[in-house]
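Lifted from Swiss-Prot, the feature list:
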- 1-27: region 'Disordered' (REGION)
- 27-137: domain 'MTTase N-terminal' (DOMAIN)
- C36, C72, C101: [4Fe-4S] cluster 1 binding site (BINDING)
- 154-397: domain 'Radical SAM core' (DOMAIN)
Amino acid sequence: MTSNPPDLRPDLAPKPTFGTAPRPDQPTLGMVSLGCPKALVDSERILTRLRAEGYGISADYAGADAVIVNTCGFLDSAKAESLEAIGEALKENGKVIVTGCLGAEPDYIREHHPRILAVTGPHQYEQVLDAVHAAVPPSPDPFVDLLPATGVSLTPRHFSYLKISEGCNHKCKFCIIPDMRGKLASRPAHAVLREAEKLVTAGVRELLVISQDTSAYGLDRKYDVNPWKDGEVRSHITDLSRALGELAPADQLWVRLHYVYPYPHVRELIPLMADPENAVLPYLDIPFQHAHPDVLRRMARPAAAAKTLDEIRAWRAICPDITLRSTFIVGYPGETEAEFQHLLDWMDEAQLDRVGCFKYENVDGARSNDLPDHVAEEVKQNRWERFMEKAQAISEAKLASKVGQTLQVIVDEIDEDGIATCRTKADAPEIDGNLFIDEGTANLSVGDLVTVEVDEAGEYDLWGALR
């Protein structure tokens, strides 16, 4: 992965803590979760099922009877990281079960690590459980093995990823996710809302809505209507977002939307984000990938970059405080210097708030591998540096304009010196910036939503004082 990762990286988040110590003679398992938040949610579901069957969860290799490695296979660099993690687990523990996206290539994994116990593909929960049962038989004690209503969480207690669908119907040439995770399969709206309600009741202050294609949610279900409370809710991203934003008052809950593909109906979400009574944040994580129409066509992406600028202007007219985050690929096969300069010029016009970028690399099975005119590595690096220099300048100017403003922030961490690491509504965990409070934090707790006045700005971060 690059130093500015294109995806959320929950594996970089603080290490989770698990309830109580295992009871005597309780079988225990370890979990290594790599890749994106969708994989993290899969890990949480696997661990929740295993906890319900009486397994304990070990935070280290030594205390585990076996280790599950949930892999990533999106990029070749991610595959290498997954193989390294499998090797480490084998060395430190010896009993290893592999699952996740790289699990779709069992022969490839066994070629490198023939001693693994089993391999399963992504979101194949039952097969993972079968492999665990074979390696470490369960030993449940229903009077002792208590499980929280929200299941096992691998994130800090005040925020949680909420997966609303699996798979993707797009055929972007650089991506193999549809091959690994299949076509779009949306969860029923009432099932998503029930899970979200449990999380909020348990004290979660921020719901991060994720999927492979959030704005396509419900398309495969023909936007069916589901019963919810005293009424109904449609399986459509606008209706679902509105209902999520009504689970708690807007000063007590944040709902953040990620992976929002730039469909025309995204504009329906913007008035919701501008509504101060709804908890849906004015924040869109929307993967543009590039701006030049010819590059977008070679990617098999929507190629109307000029219309995208019009959409951005329309969004900001309705919701001036909206934060736009996006990711881009530089050095895509065939990308010329003129096409790259077009992207830089587009960035000047779009003025995106948060930007990630990564250099193109081949991925086994991706159609882009066979495109002509691959870009030299030194050219990719040069373009990445120039792109990030542009993005940094835009970020620095935008953050400087926030000095003197009063903002609501969520507290993520308080260190031993009393310095609080927080985030504004414009900042998603791990991938965006932070706001730091240096003093007066004695009465703060992780997860608090508080008001601060911004008194200093940097390239990506802010500093402020409680108000």
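Cβ atoms here come from the backbone N, Cα and C positions, even for glycine.
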Greatest C-beta neighbour count within 10 angstroms, which of the binding-site residues C36, C72, C101: C101
Assigned element (helix, strand, coil) containing C36 ([4Fe-4S] cluster 1 binding site), judged by DSSP: coil
Helix, strand and coil residues within the domain 'MTTase N-terminal' (27-137) as assigned by DSSP: 55 helix, 21 strand, 35 coil
